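Student: Pasting a structure below so you can have a look.
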Amino acid sequence: MDFYYLPGSAPCRAVQMTAAAVGVELNLKLTDLMKGEHMKPEFLKLNPQHCIPTLVDNGFALWESRAIQIYLAEKYGKDDKLYPKDPQKRAVVNQRLYFDMGTLYQRFADYHYPQIFAKQPANPENEKKMKDAVGFLNTFLEGQEYAAGNDLTIADLSLAATIATYEVAGFDFAPYPNVAAWFARCKANAPGYALNQAGADEFKAKFLS
C-alpha cells in the first residue's frame, strides 16, 4: 500500500497512526512539495488535486487524510472501536473529524502559516480564534476520556496530530486541563504515536526554529 506523504504534515501523521492502529504497513513515498514532486505527471494521474497525503491501495487512490482514516478503519479495522458502526457514536466521531479539519487545524494554519511562509507579523485576532478552538476541544472532552467518548477513535488520532503541532509551536495548554489530560492519554495509548512525535519535531525543526 503506497503512501505519499511528508512526515511534518499533521494530516499525514494522522493517517500513519491510523494505519498502525489497524495493523497496515505503509510503503512510504516521501513527496517534497517544495520541490514540486506533487506536480509530476505520474502523481497527477493518481491525484489530480495534487495534495498529500495520498494513499494507493491495490490501484485505488484516495486523498484527504480523514477520508483515508475512515477507509482504513472500515476496511482493515479488526472491530469497530476506531470508527463505531452505531449511527450516533459514528456521528460524533465524524463531527470531531470535521471540527479538526475546519476549525482546530485550520485556525492553527490561519495564525502560523502567514508568519512561516509569508513572513507576516502575528495576527492577534487569529491567535484568539486559535485559542478559542482549543477551548472548544476542552469542552468536548469534559467528563470523558477521549474526543468522542471513552474509547480512542480515529477522531483522536486526527486531533492528536494537530495538537502535537500546536505543542511544538509552543502553545500553552495550562488553561485547557481537559486537553492536556487527553493529549497525555493519546501519547501513552495511540498506536504509532512515536511517528507523530517525530513528524511534529521535524515540522518544528524545518519551520519553527
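Cβ atoms here come from the backbone N, Cα and C positions, even for glycine.
According to Swiss-Prot:
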| type | residues | note |
| --- | --- | --- |
| BINDING | Ser9, His50, Cys51, Ile52, Glu64, Ser65, Arg66 | glutathione binding site |
| DOMAIN | 1-80 | domain 'GST N-terminal' |
| DOMAIN | 86-207 | domain 'GST C-terminal' |
Student: Among Ser9, His50, Cys51, Ile52, Glu64, Ser65, Arg66, recorded glutathione binders, what is the largest CA to CA distance in Å?
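Tutor: Max Cα-Cα spread across the glutathione binders: 16 Å.
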Student: Cβ neighbours within 10 Å, counted over all protein chains: which one of the binding-site residues His50, Arg66 has the most?
Tutor: Arg66
Student: Run through the Cβ atoms and count how many others sit within 10 Å of the one on Ser9 (glutathione binding site).
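Tutor: I get 23 for this one.
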Student: DSSP says what for the domain 'GST C-terminal' (86-207): how many helix, strand, coil residues?
Tutor: 91 helix, 2 strand, 29 coil
Student: Let's check the environment of Cys51 (glutathione binding site): how many other CB atoms sit within 10 Å of its CB?
Tutor: 17
Student: Per DSSP, His50 (glutathione binding site) is which: helix, strand or coil?
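Tutor: In three-state terms, His50 (glutathione binding site) counts as coil.
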Student: Taking DSSP as the reference, which of helix, strand or coil describes Ser65 (glutathione binding site)?
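Tutor: Ser65 (glutathione binding site) sits in a helix per DSSP.
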Student: Can you give the mean pLDDT for the domain 'GST C-terminal' (86-207), rounded to a whole number?
Tutor: 98
Student: Just to verify: the residue among Ile52, Glu64, Ser65 with the fewest other Cβ atoms within 10 Å, which of the binding-site residues is it?
Tutor: Glu64
